Each structure stands twice: as structure tokens, then as C-alpha cells.
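Enquirer: Checked TrEMBL, it gives:
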type: BINDING; residues: E10; note: Ca(2+) 1 binding site
type: BINDING; residues: P85; note: substrate binding site
type: BINDING; residues: H115; note: heme b binding site
type: BINDING; residues: D167, T169, D174; note: Ca(2+) 2 binding site
type: DISULFID; residues: C43-C241; note: disulfide bond
type: DISULFID; residues: C122-C154; note: disulfide bond
type: DOMAIN; residues: 1-245; note: domain 'Plant heme peroxidase family profile'
Amino acid sequence: MDATPTMPGEKDALSNINSLRSFEVVDEIKDALEERCPGVVSCADIVIMAARDAVVLTGGPNWEVRLGREDSMTASQEDADNIMPSPRANASALIRLFAGLNLSVTDLVALSGSHSIGEARCFSIVFRLYNQSGSGRPDPHMDTAYRRSLDALCPKGGDEEVTGGLDATPRVFDNQYFEDLVALRGFLNSDQTLFSDNTRTRRVVERLSKDQDAFFRAFIEGMIKMGELQNPRKGEIRRNCRVANNSPWQPRTGMASGQSTSELR
């Protein structure tokens, strides 16, 4: 859901802003579904099915998505900031965050393996390169050659919107992510900490780095659990994924896919 003049949105949360992409794809899927079967398929179900298909198309496992979720009727940037893992988070904080959602340590590590595909911004790692924990020095839990490559990608004072791969094979869904963590080549602090800072998460990282099938099984289990998380408040099936049905900030007729509701009347 987009932000409006009266509601700061989740897309503007620290972990999401200028990072999330491809909302126009969700718009196109929703438009096609509303034309064929209006008011039936929620945006929440579209997102989780699109995530599954992205995994499959990049070489990962397939699974049956449990459908029937409703869309929330509001959004909260504050809630998103509190729930979304920070790229600066350590393993202990991540364990507590996931435990609050009834997700186990194995769920945490396996779901972090979604970073097998995709990229992240220099903004999320410059502190690791130049001022880890306020030390004025780089993160010691980083392979030296890998750090030099990140120094070149994200020089001090450089463009923090530049992106780099989250693992060595950012377009293939595999267990390379975990192999990279064991080799001290994790891109984000919140990834590398799973191997470097906690024995409970380290054991899972090591196991999944050696067994891709075990990673796939654990990832599916975690995704199914995530899909079962429900908003206790009453929901709806949105007509447009960017706005609640009763919002006064409705898209103009003919609004281009991907256009933000910041441009709405």
C-alpha cells in the first residue's frame, strides 16, 4: 500500500525505502485478475504467489501456497520499522524478532536464505566497511579480498544507491548464500551475523551450506509458516493493491502502472 498525505506507508520504512522494486508487476497481475474475477484474489495472495514463482524461476523449490489471505485496510511505517529486520541487526536481535512471530532459529536462517537472489544498496553496508559498531574500522568478520571488492563498489563518500549482489550467484536460488557466510563473504551485517556471532544460528548455516536439499525443505517450511501469519483486524480484497477500497486517495482513471499515490488527487 502506498503512503498518503494522512498515512505514512510501509514502503517508506527504513528497510524498504528505495530498495523494494517491481510493484508494477503486482499492479499488472491485479488488473488482470480484477478483469476476470473481481473481488476474489487478494493482493496478499498475489505477493506470496509471486514470491514463490520468483524462487522457482531462479532454480529454487516449488510448493503449494495456501491461499485465502485478506488485505489490510491500513498500513503503518512504524510497525514496519519495528518488524522488518534491519541490515545492522545482530543474530540475537533477529532470533528475538522471529520468535515473536512463532518462528524458530531454523526458520530464521532458512528464510534469510531468500537473500540467495537479489541485490542491496551500499547504504546498507557502508558502516560495515568503515565504521563497524562505531569503531572507525571495518567489520572484522569479513574476508579480506571480499572487503576490498566492496570497498571498490562502495567507496567512502560514494554513491550509496549503488547495488551489489547479496551472494555470489544473485540470479540463482541456491545455497551459495550459506557457503558465502561460512567464507565470511556475507553482504549484509544481518546475514553475516548468522554465522559469525551466534552458535545456534551458526550450526544451521553450516548444515545448509553443505546440503542444498535441506535448505530447500527448511525454506519451504518457513515460507508456509510466514504465509499463515494473519492480521487480527478485519481485512478486505483490495481493488487496487496500492490503496484501501474506502480510501479517499483513489488512483485517477488511467493511472499508469507503478505510479505512486503521492500523485493522487
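Cβ coordinates are placed from backbone N, Cα and C, and glycine is handled just like the others.
These figures come from a predicted structure and were not determined experimentally.
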Enquirer: Expressed to the nearest Å, what is the distance separating C241 (disulfide bond) and the residue listed as 'Ca(2+) 1 binding site' at their Cα atoms?
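Expert: Distance (Cα to Cα, whole Å): 13 Å.
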Enquirer: For the recorded Ca(2+) 2 site, enumerate neighbouring residues of the same chain (Cβ within 8 Å of the Cβ centroid of D167, T169, D174, site residues themselves excluded), in sequence order.
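Expert: Residues close to the Ca(2+) 2 site, other than D167, T169, D174: S116, I117, A168, P170, V172, F173, N175, Q176, Y177, E179, D180.
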Enquirer: Given T169 (Ca(2+) 2 binding site) and H115 (heme b binding site), what distance in Å do their CA atoms have, once rounded to a whole number?
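Expert: It is 10 Å, counting Cα to Cα.
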Enquirer: Out of C43, D167, D174, point to the one nearest P85 (substrate binding site) in space (Cα versus Cα); all of them are recorded positions in the record.
Expert: D167
Enquirer: Let's check the environment of C122 (disulfide bond): how many other CB atoms sit within 10 Å of its CB?
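Expert: Its Cβ shell of radius 10 Å holds 18 other Cβ atoms.
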Enquirer: Based on Cβ atoms within 10 Å, give me the single least packed residue among the binding-site residues E10, D167, D174.
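Expert: Output over binding-site residues E10, D167, D174: least Cβ neighbours within 10 Å is D174.
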Enquirer: What recorded positions in the list E10, C43, H115, C122, C154 lie within 10 angstroms of D167 (Ca(2+) 2 binding site), counting C-alpha atoms?
Expert: H115
